[in-house]
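According to TrEMBL, the feature domain 'SPX' maps to 1-27. TrEMBL lists 132-150, 156-185, 197-214, 220-238, 259-281, 293-311, 401-420, 426-447, 456-474, 486-505, 550-573 with the feature transmembrane segment. Taken from TrEMBL, the feature region 'Disordered' covers 350-374. The compositional bias 'Acidic residues' annotation in TrEMBL covers 352-368.
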Amino acid sequence: MNATGLRKILKKFDKRFGYKFTDYYVTSRANHPYSQLQQVFKHVGIGAVVGALSRNLADLNVRRGSYLSIYDQPSIVIKDPVIDQINASVDKLTHSTNFLQFLGQHALIVQEDITTAAEADVDEQKYHFMSLLLNLVNTFLYMANTYIIVPTADDYALSLGAAATVCGVIIGSMAVAQVFSSVYFSAWSNKSYFRPLIFSSIMLLMGNTLYALAYDLNSIAILLIGRLLCGLGSARAVNRRYISDCVPLRTRMKASAGFVSASALGMACGPAIAGLLQTNFKIYGLTFNQTTLPGWLMALAWLIYLFWLWISFREPAHDTQESHVSQDAHTGHPDSENGLAQPLLISQNEKQDEDEDQDCDDREEASDESSHSPATSIASAYRLLTPSVKVQLMIYFMLKYAMEILLSESSVVTTIYFNWSTSNVAIFLAILGLTVLPVNAIIGSYITNMFEDRQILLVSEIIVLVGIIFSFRVTSSYSVPQYVSSALITFVSAEVLEGVNLSLLSRVMSTRLARGTYNGGLLSTEAGTLARVVADGTITLAGYFGEDNILNITLLPSLLICLASISATFFTYNNLY
């Protein structure tokens with residue numbers, strides 16, 4: 001409720017005092033039992049604010065001089081423009097699509113609250129539905145491409161004469177290349193969207209073809225080169241940037257939710273499709289079986305996508321310079337609907353003085369916020385991160401590490417302990433992937449309205465820790481119920497943690513990280529990709545200690561990283577807003 005106004009006031013104090021008064025103010029009042037700051041953390045508390053304002057306005061209007069409880073005369077209803085506006089905002093919050101907003105925030109695409117008519121016209125001119133759809137399809141295909149090989153990666157490694165645990169390198173090589181591709185694709189999208197998407201499709205077409213040919217060439221090197229090429233074709237930075245820059249504000253939240261949904265569906269469909277490819281035949285000397293068909297199928301999918309992209313994509317106009325204006329710069333022009341141009345019981349002279357002060361503040365803010373240009377390097381972006389945001393990125397690294405360990409080693413672990421077939425592994429991974437959207441629906445629609453984000457964050461971390469501990473093999477026997485239940489606990493709680501963490505990050509990151517090459521989405525992508533690289537490398541290294549010990553050895557780093565993230569969360573708990 002006017003969080004921007006509060007932030008501007010605190011910025012003014014910071015400037016006049018010469019030190020960060022904002023941090024002290026928020027930290028000292030965040031947990032105080034009588035702090036009104038607590039009331040507006042969740043919109044259910046705004047009702048109390050409305051009641052207090054209504055009662056006091058009634059007292060001031062009749063000038064009785066008495067200060068009675070709002071419960072003494074509950075039948076008195078005070079009509080004031082500000083009260084009407086607050087009630088309208090509460091109604092909008094209550095009846096909004098909370099799940100859609102919650103899901104859209106996962107993409108870390110900033111949703112500006114206020115936009116000018118000129119900016120809206122520019123957005124409408126840039127927007128092209130088919131181009132947006134092509135970006136979402138690119139996201140879906142890439143995520144399916146990433147996880148379609150997971151059920152068969154260990155079998156592929158064995159067929160080429162390598163150890164089963166080399167599947168970690170096979171799966172992780174794509175993430176290694178993505179660490180670098182995310183940066184140059186993000187920079188490339190400053191000038192074009194069409195050319196990076198064409199390049200991405202060609203790289204993935206070549207990469208999947210080499211991945212499939214490696215079987216007949218009997219070369220592990222060709223297989224790894226193919227996966228590296230697939231990683232170099234990761235255009236998720238372009239997909240996210242297109243939504244941020246070219247989709248109008250009125251549909252940006254839906255597009256952001258579509259981006260996250262496409263990723264989740266791709267993650268679920270990849271292993272499910274792999275489970276259906278149980279066949280073995282040859283055509284012109286080329287082998288088509290459960291290990292090579294994922295590569296051939298994805299190569300065909302990218303070829304079809306490439307033609308569709310070439311025919312249907314429309315390159316939007318690019319600005320010659322960054323003209324993005326943060327929402328703080330607009331706060332001097334509040335909505336004047338429902339009488340907000342007439343503040344609470346204020347005289348005309350006072351109103352004129354306030355308007356003059358506001359204009360002066362706006363000019364000062366404009367000069368103070370001239371540094372709202374995007375970050376120009378990873379170092380400058382890192383300097384914009386507050387300690388709490390750094391902790392949230394650490395939490396993101398932890399949950400991605402735990403999830404990658406669980407997913408990537410699933411085929412090896414289930415084969416060693418349970419003798420599962422490829423179809424069983426594929427069904428298990430598909431079920432895990434299908435939990436993403438229902439879990440986010442529950443969290444976004446209900447849980448986040450009942451508890452603070454930091455509370456859900458901490459509880460989710462603890463549950464992830466419980467799932468990891470429960471996954472350890474402590475006896476000679478290791479049962480399917482223990483493995484499946486611990487995997488579900490770990491994966492679902494990590495999904496809850498990811499949703500809340502990214503939702504919180506999307507609100508507290510600096511506005512300078514909203515756009516540009518080195519944006520918040522790139523930082524989170526890099527953190528998650530590095531986690532996947534380290535996790536897949538851990539699986540391969542664990543193979544040197546024997547397959548019987550692979551489960552406990554790979555879970556130990558997950559346990560330590562999770563404990564470290566929980567400790568960091570406790571230390572910064574009062575600043576997690």
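Heads up, the Cβ atoms here are built off N, Cα and C, so glycines get one too.
Automatic prediction, not curation, is the source of TrEMBL annotations.
Taking residue pairs at least 6 apart in sequence, the transmembrane segment (132-150) and the transmembrane segment (259-281) share three or more C-beta contacts under 8 angstroms. Tertiary proximity for the transmembrane segment (197-214) is limited to same-chain residues at least six positions away from its ends with a CB under 8 Å from its CB atoms, namely 134-135, 138, 141-142, 145, 149, 156, 160, 185, 220, 222-223, 225-235, 238, 286, 292-296, 298-299, 302-303, 305-306, 309-310, 313.
The list of residues near the transmembrane segment (426-447) in space but at least 6 beyond its ends in sequence, with Cβ under 8 angstroms from a Cβ of it, reads 98-103, 106, 147, 150-151, 260-261, 264-265, 267-272, 274-276, 407, 410, 414, 420, 456, 484, 487-488, 491-492, 495-496, 499-500. Recorded stretches compared: 220-238, 456-474, 486-505, 550-573; the one with the most Cβ pairs under 8 Å to the transmembrane segment (401-420) is 550-573. Using the rule of three or more Cβ pairs under 8 Å, pairs at least 6 apart in sequence, the transmembrane segment (456-474) is not in contact with the transmembrane segment (220-238).
Summed and averaged per residue, pLDDT over the domain 'SPX' (1-27) gives 73.
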